[in-house]
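Annotated features, as they stand in Swiss-Prot:
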| type | residues | note |
| --- | --- | --- |
| DNA_BIND | 190-255 | DNA-binding region |
| BINDING | 358, 399, 529 | 17beta-estradiol binding site |
| COMPBIAS | 569-581 | compositional bias 'Low complexity' |
| REGION | 267-600 | region 'Interaction with AKAP13' |
| ZN_FING | 190-210 | zinc finger |
| ZN_FING | 226-250 | zinc finger |
């Protein structure tokens with residue numbers, strides 16, 4: 001029978017009696033536990049009792065309470081949804097401020113209280129049947145024993161908690177990553193017909209049909225004719241209606257032969273690369289120290305020859321000398337008029353006209369130098385553009401050996417230092433040329449040695465390009481180096497043939513090669529002077545000479561030419577290279593037309 005409470009006083013007295021019966025089994029001596037440190041905030045000070053708010057309108061089971069008191073057992077006296085701790089108690093304030101969502105604590109017993117998870121709004125000491133004191137079991141009168149299977153949230157160690165949280169975060173992040181990857185996958189469409197693209201083909205995203213069509217077009221005949229106005233619509237449904245417009249659109253969207261992705265590699269290429277890397281790794285592991293030291297000086301027998309059938313490499317020293325002597329250009333006469341006095345314009349006009357005509361014969365001479373004709377057209381143009389003024393100057397110095405203090409520009413044009421004063425800045429160049437001619441005369445340079453030195457200048461001029469050069473370097477450097485070695489051997493053969501000792505041969509070879517650096521310095525000075533004359537419009541330059549001057553400025557650093565650095569455009573580079581190549585073919589005179597025997 002349930003009765004409604006009419007007064008708080010009677011209810012409170014009965015409540016204290018019930019609580020005393022419930023706490024009677026727990027009134028044992030306090031558990032003395034060794035404590036490594038002071039109690040933390042999870043334990044409540046027992047000196048501060050909690051305030052219990054009596055619920056209004058709560059129902060009390062008198063019969064059940066009396067029966068429970070007589071039997072000495074505990075029983076629930078209030079419903080689970082009616083008893084709560086007062087919000088004004090210190091225990092409630094502690095739980096709200098420090099532990100957030102954890103249940104509030106009471107400090108009735110002197111024993112430490114664990115953080116429990118009771119059902120909602122239930123007192124820790126008023127539980128349903130079978131759930132009273134869930135985490136402590138009474139085994140002995142003087143001690144408590146911890147249950148083996150405690151609540152996971154409380155009895156899991158910190159490391160386990162961290163691992164579990166890490167696994168949860170990992171799984172959630174992987175799920176998010178998968179969702180992001182799925183959303184990142186976008187559908188590609190063909191740039192030609194707007195169909196679904198199957199991949200990146202010939203430089204654009206395209207479908208299999210357009211890829212195959214473009215492949216057939218570039219490999220076979222593509223002389224398609226449009227039956228209309230060359231403006232047909234190319235889409236998924238009408239791409240086969242007009243082959244001409246389809247091919248036109250392929251080119252418009254950027255399809256090109258060889259337009260593949262640079263980062264793409266086939267399985268066969270990767271397999272070969274792995275095999276090659278494994279083989280190189282085994283070779284490196286098995287190589288000893290003395291073999292590594294021997295590799296610093298590779299034997300000529302193990303050098304890979306790219307020009308195995310080059311006739312220049314099979315020539316003997318005498319044959320090389322004979323070929324170089326036969327390739328020498330003829331002497332050219334100038335347009336000098338002795339009746340007219342020299343002026344700056346007239347002298348520069350004579351010299352530039354003479355140099356322009358000599359350039360034509362220089363191209364034909366270079367074609368007949370052993371080994372030069374085996375190079376590709378790019379390397380031939382590159383070497384001539386770098387060495388043309390050095391070759392003209394060493395020829396001038398060689399002709400002037402028999403005329404001390406004078407320079408023989410042509411058989412009918414012999415100038416001394418005083419005559420060079422009429423041109424601004426010419427005296428310095430004249431002095432350097434006269435000093436080199438005097439050095440040749442002192443060394444008694446022979447004609448065979450001269451032709452070898454001139455060939456070395458041609459082949460060695462563009463081998464070591466400047467870092468600031470805008471043009472690409474030589475493509476067949478190995479072949480050029482082998483031809484240079486052949487010419488050096490020819491020089492040594494000539495010295496040995498003249499009866500010089502080994503020490504004298506080495507000394508003379510070093511002296512001759514040192515003169516080449518002086519000629520390079522004179523060439524740079526002459527190029528700078530010629531460019532300044534061009535900028536001042538002192539004399540108009542001829543086509544081939546002007547082209548060679550501009551090409552030389554592209555090879556050399558701009559700061560050396562005395563002008564601020566200027567980055568040439570791609571069109572200028574292409575025009576210069578193509579024009580120079582055209583000049584090699586235009587000004588090339590076959591040896592048979594000049595009456596020179598072709599010995600190569």
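Every residue gets a Cβ built from N, Cα and C, even glycine.
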Tertiary contacts of the zinc finger (226-250) (same chain, 6+ residues out, Cβ under 8 Å): 192-195, 202, 209-210, 213-214, 217
Site extent for 17beta-estradiol, whole Å (max Cα pair distance, 358, 399, 529): 22
Per-region confidence, the zinc finger (190-210) (mean pLDDT, whole number): 89
The zinc finger (226-250): DSSP-derived helix, strand, coil residue counts: 8 helix, 0 strand, 17 coil
Counts of helix, strand and coil residues, the zinc finger (190-210), according to DSSP: 3 helix, 7 strand, 11 coil
